[in-house]
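Here is the structure we will look at, set down as structure tokens.
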Amino acid sequence: MEELIWEQYTVTLQKDSKRGFGIAVSGGRDNPHFENGETSIVISDVLPGGPADGLLQENDRVVMVNGTPMEDVLHSFAVQQLRKSGKIAAIVVKRPRKVQLAPPQGSLPVDEDDRAFEVMDEFDGRSARSGYSERSRRSSHGGRSRSWEDSPERGRPHERAWSQERERSRGRSLERGLDHDDDYRRPRERSRGRSLERGLDHDDDYGRPGERSHGMSTDRGYDRGYDRGYDRGYDRTYSPEAEYGRRTQPDARHAGSRSRSREHLRSRSPSPELRGRPDHAGQPDSDRPIGVLLMKSKANEEYGLRLGSQIFIKQMTRTALATKDGNLHEGDIILKINGTVTENMSLTDARKLIEKSRGKLQLVVLRDSKQTLINIPSLNDSDSEIEDISEIESNRSFSPEERRQQYSDYDYHSSNEKLKERPNSREDMQNRWSRMGATPTPFKSMGDIASVVGTENSKEPRYQEEPPAPQPKAAPRTFLRPSPEDEAIYGPNTKMVRFKKGDSVGLRLAGGNDVGIFVAGIQEGTSAEQEGLQEGDQILKVNTQDFRGLVREDAVLYLLEIPKGEMVTILAQSRADVYRDILACGRGDSFFIRSHFECEKETPQSLAFSRGEVFRVVDTLYDGKLGHWLAVRIGNELEKGLIPNKSRAEQMASVQNAQRDNAGDRADFWRMRGQRSGMKKNLRKSREDLTAAVSVSTKFPAYERVLLREAGFKRPVVLFGPIADIALEKLANELPDLFQTAKTEPKDAGSEKSSGVVRLNTVRQIIEQDKHALLDVTPKAVDLLNYTQWFPIVIFFNPDSRQGVKTMRQRLNPTSNKSSRKLYDQANKLKKTCAHLFTATINLNSANDSWFGSLKDTIQHQQGEAVWVSEGKMEGMDDDPEDRMSYLTAMGADYLSCDSRLISDFEDTDGEGGAYTDNELDEPAEEPLVSSITRSSEPVQHEESIRKPSPEPRAQMRRAASRDQLRDSSPPPAFKPEPPKAKTQNREESFDISRSHDYKSNPSAVAGNEVSGASTRSCPPPIAAKPSFGRSILKPSTPVPSPESEEVGEGSEEQEGAPKSVLGKVKIFEKMDHKARLQRMQELQEAQNARIEIAQKHPDIYAVPIKTHKPDPGLSQHTSSRPPEPQKGPSRLYQDPRGSYGSDAEEEEYRQQLSEHSKRGYYSQPSRYRDTEL
């Protein structure tokens, strides 16, 4: 005889961008079924390859969508609920199924649809089905129904399936997808406070009469006169959706319970001992849990179990708000937390959800009047239970379609050294649980297989709780007493062991920074075992390293790095109960990081990410090996996978930074080339070449440890995009109470440049006024703001098109002279290179000005949101950040050694004179550039002339770098005589003018400071004292005058105003200078002769050479025949420091120099004269 039953499932679907949820629905109150008039919402089609493929089937009845019942609703209402579900929809469906009341002895073929479903990870939202099934004796959408599955937590005490293993999650999420291979022989899951959802096979679900399949006799199960106690009992398969679905069916309370224990899920040939046992369901209630044994006869058989979980209130504080409210009780099952369904939610996620409630916690609970969950008795562990755990594999997946490979544990000793198997393999099993990430680690040992074989041969049912195996008691041991300081820090119940490290420490570790580091296994015969360390001990300190809050990878590396033979001092504390809870819940590492480099996907299980993404690391020793972390991507969609560990990440980041630096060097070269060139085309070309290498360097490490916190101050605001300058001005003008523009200042105190940097002190002062600081800075400065913990709100205006930018700017700022093409290109480059800095993006629409309202709303929303802040100070930030980064680079300043015009969206004409704007045509290439505003990155026209590609002016630029000349903005007045006076000067005036400048007495100093590039002889002639008014115009016949000469002194011809050519002026001054030089040389010669005559007259006073001086014949042609004029003592201006020429050789050398200058003429080497800066 067949009877129709209904199995209920909860499915979580993720919407595909192209195919939606991949289902079609029909039915409804306004569209009943044409044959039987059924008004249920029915799945009419499932798209192959879609999100629902394999999860939903045709003719499934939709019971609930995201908590909204779908019973007796309109078709349009159901469609609307699916459409507004967003990206994720939790759908509860019921599926019809016919069963045989008296099944044949042979087992039916296993239906593919009844196989155990792949269980999603706690962060994977693809599939979460509740294994609720009910039996209906009426039509497909109503009637009295009976549950064919039961939860051990909510069942009657004697109906609960208590698996005898260490898996006591106590309210934790523990979902297990059980696969087909024989690694799933005897799964035992005891989850305190969790429902274990199970999908059962044909041959086991509705098994033989007398067999205790799932803790209930099938004869009694199909008998309509079943025990009335079950008729009044709970439906033990609980999930929020299933509970709501049962509320809509009045007779769903008639549920026959099934024990979830695996010990009564039998194979095709049931045990005669079990069939001969009296029906346990008919026995009175008992608090004693039952044991169930499942054994496979074939490798492809399934257990058919799906494990679920639910959160309940375990304890309430008497003085807390929950107790005072009076609506909550211990044992209540929490269905929703602030609107989020808690089915299969882990305690960690539930805690975070409560922490984010911000003072308002809304709960939806189900009252458990029997308080079944909190009355669960504690059970002791047995050896066989621990062995059975090794065969339970968690099919957690990184993505819905990928299965995680079986894990292996990491040995902390050498690779060729393995921990020995314990006789009872109990400790070995717990050792294998040392990999504590987000999921438990599956293990299999030979002891487990032997246990299975022995049990199968004995054919003894294990439905009773076996007494716990006696724990071996260690001999009394006296531990070292910790120091008083350690006792004060770590507590009094600590023990200290000290031993010498051998080949390895001999320890396996479990846990992580979230729960602590625990000893998960000890190698036999090692010093650690001999000194009394035990499994379950929490390691608090090793030598001088504090292990509290240490991630498991760092703990492993620290133990490995201890040299062999060195003393190891371990401070530990026995916490076996906490250790068992850690093994049960799978907790270990848990911290958040933000990436500051880019990583591509290496393996199918890896995650690809870019800069600025946030991850939660749940295991730093994935698969028991160093090199990868198991992490969950934090964002709109949660995704789990592998990322490089810290050391590998730093290597990858350093390579990327080096590549960026090399690209930056090329950019600097092209920038300087563009600045040296005065041609517009070359300048534009250099900009285009430069933009390809633009990238933002950072001071952050590869991984930055972050925490989610609320900003307690008004965060600065930085805007990027083609209308950012207009937006900044508009915010400052219209909302002065909320926004204030941070003024830019010159970087150097004495600089006269109009723009430069924004001081951090300025930003701080604006924040102290409770206002948002509006910053006009570069992307690199934004990175510095984040580094200094200011967390700016960075908003990017995304333009729709170049024409749209032009239209908006002409409407918002008609007087603007910026190029829309350039602004549009810069916005696209920013979006490619600096998108990780943006906290929000506003899409511009040139047809309206709604962007301003969006801008204000975005800033307000961003200010109220929590931000990812650095967990601690960055390295190098121990000092006051003002000492290291006291300013931010303004948009007008150079950015990354590049022309800021490549990045800046806040420029005016930028030296382009309208030729690069939307309002004027291009000017000729030779037209000088006109800048409307002077800024640090924009040279003015005068400075542009410096960069003309002429080799001689560049030489003058180098020589013009004399400290005296740069220090003094203008030369002394004596060096700027009026040209007419210079023409009529007599010899005495020329002499006075030449002597009026205060020269240093040392000729070498004169040559070093003022005759740059001249002769390097030790005693040059004092001809450098000639007037310099002719120097500024004595240059090659180039059309561009030397800027240095213009800065040092104005040319005489500019003051004269005479309409003479440059060549004529040069000839005039050449004649004048030549005449003055000859006169000066003659005066010096006469003075020297006078000194010699005086010395010869008074030999007792002056020491002079005896040899008579022979005058230079070349000099006589220039000397005058007039008698020497009497002069005063020689001026110190031209004297040697010794007072006179101390030797005849020096005097002779000096005269030869004068003669050589007379022969060559002063302008025989005009470049030497041009290089003289006076």
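Quick reminder: no glycine exception, Cβ is built from N, Cα and C everywhere.
For reference, Swiss-Prot has these:
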type	residues	note
COMPBIAS	1044-1056	compositional bias 'Acidic residues'
DOMAIN	10-97	domain 'PDZ 1'
DOMAIN	291-369	domain 'PDZ 2'
DOMAIN	493-574	domain 'PDZ 3'
DOMAIN	588-653	domain 'SH3'
DOMAIN	679-860	domain 'Guanylate kinase-like'
MOD_RES	Ser107	phosphoserine
MOD_RES	Ser127	phosphoserine
MOD_RES	Ser147	phosphoserine
MOD_RES	Ser173	phosphoserine
MOD_RES	Ser239	phosphoserine
MOD_RES	Ser414	phosphoserine
MOD_RES	Ser483	phosphoserine
MOD_RES	Ser886	phosphoserine
MOD_RES	Thr889	phosphothreonine
MOD_RES	Ser897	phosphoserine
MOD_RES	Ser962	phosphoserine
MOD_RES	Tyr1102	phosphotyrosine
REGION	125-290	region 'Disordered'
REGION	391-430	region 'Disordered'
REGION	456-490	region 'Disordered'
REGION	904-1065	region 'Disordered'
REGION	1100-1174	region 'Disordered'
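Highest Cβ pair count under 8 Å relative to the domain 'PDZ 2' (291-369), across stretches 10-97, 493-574, 588-653, 679-860: 10-97. Counting residues of the domain 'PDZ 1' (10-97) by DSSP class, helix then strand then coil, yields 9 helix, 37 strand, 42 coil. Across the domain 'SH3' (588-653), DSSP assigns 11 helix, 27 strand, 28 coil. Shown in sequence order, the list is empty: the chain has no residue 6+ apart in sequence with a C-beta less than 8 angstroms from the C-beta of Ser483 (phosphoserine). Across the domain 'SH3' (588-653), the model assigns an average pLDDT of 88.
Secondary structure of the domain 'PDZ 2' (291-369) per DSSP, as helix, strand and coil residue counts: 14 helix, 14 strand, 51 coil.
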